[in-house]
Amino acid sequence: MGTGTGIGRVRGLGSAKSGAHHWWMQRVTAAGNLLLVVWFVLSIVRLPSLDYRTVTLWLSSPFVAVPLVLLVINTFYHFRLGLQVVLEDYQKESSKVAGLIAINFFTIGAGALAIFSILKIAFAGAR
Amino acid sequence: MARPRSRPLSPHLTIWRWGPHMLVSILHRATGVGLALGGATLFTWWLAAAAGGPASYARFLDLMTRDQPIGPDGLPLPGTAMLNPLPALILIGLTWAFFQHMANGIRHLVMDLGAAYELKTNKTTSLATIAFSIIATLLLWAWIFTR
Ligand code: HEM
Ligand code: HEM
């Protein structure tokens, strides 16, 4: 953001028009991760057991299901951006497109599965 | 290219001394990728197993844990399941990776504000992230294994 013409600096866009936004979202989701992942780790280790009943009962509370869905969105977005940076640092142009598609498939596929699973358990209620 | 050999070339890409800041830098990358691929996969697998119902969750738990002492009724005593060695190693590794990435992530955010670039401070904060991640991992797992 610190280089380029005056108007370029004001707009905060790099040559690809999305670098500054990417960088900023990496920081915003980092702050979100700090709250959500710490909450998740502490909650999990404090559950009395990880058997089926305890876990589904825990997940069926809205105050668990909602933050957990937010965690999936935030964390998956964060590592989606991060994996792209790593790929761009090492990959040759020719294989970059395939790599980016693989990252998107993995992030969106796993993210959708995780969110669907949380909601299914939450809506079914504890059994 | 003809170039006088005696002249020092600077800055040089292949001459540098290892320091904690480099270790922490590459660890941030390694732990980020490890958490993204390993952590997110295990997390999603766990949720999907639970969403699949008791039988699918039991299969997941069966892979991760083994039953401990057998009670008088011939069944394992409830609440005594132990993590298998490989899953335990992976989970301990993931918690360490998270703590390391978290501590250095916070250090990154501080440096984004323009602070902590002085050589000494930078070295101290690098070492602090390593100390934190190792101590936090040891404390957490000591607590898990002894409770
Ligand atoms: C407390 C939680 C976290 C904080 C404070 C945090 C912070 C950060 C920051 C500031 C960056 C940018 C580093 C740079 O620009 O060089 C980053 C990169 C990254 N993060 Fe996180 N993060 C957290 C959790 C996570 C989690 C849970 C994952 C994965 C599941 C993850 C995956 C990544 C990846 C893959 C990168 C890219 C690494 C690179 O470019 O070298 N982060 N993180
Ligand atoms: C053991 C030595 C080194 C390690 C472990 C290392 C590691 C890394 C890592 C993980 C990144 C990406 C994360 C980030 O952006 O913060 C990076 C970026 C970079 N490194 Fe290194 N590096 C080393 C030595 C060097 C040397 C000797 C130079 C140049 C003389 C250099 C120049 C750069 C540059 C220009 C970037 C890009 C910075 C940016 O994107 O803002 N690195 N390095």
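Note that the numbers count up from 1, one per residue, in the order the chain is shown.
Backbone N, Cα and C define each Cβ position, glycine as well.
TrEMBL annotations: computationally assigned, not manually curated.
What TrEMBL lists as heme binding site is B:HIS101. A sphere of 10 angstroms centred on the C-beta of B:HIS101 (heme binding site) encloses 28 other C-beta atoms. Secondary structure from DSSP puts B:HIS101 (heme binding site) in a helix.
Annotation source TrEMBL lists transmembrane segment at B:26-48 (among others).
Per TrEMBL, transmembrane segment is recorded for B:86-103 (among others).
Feature annotation from TrEMBL assigns transmembrane segment to B:124-144 (among others). Remote same-chain residues near the transmembrane segment (B:124-144) are listed as 19-21, 23-24, 92, 95-96, 99-100, 102-104, 107, 110, 116 (criterion: CB distance under 8 Å, separation of at least six residues from the stretch ends).
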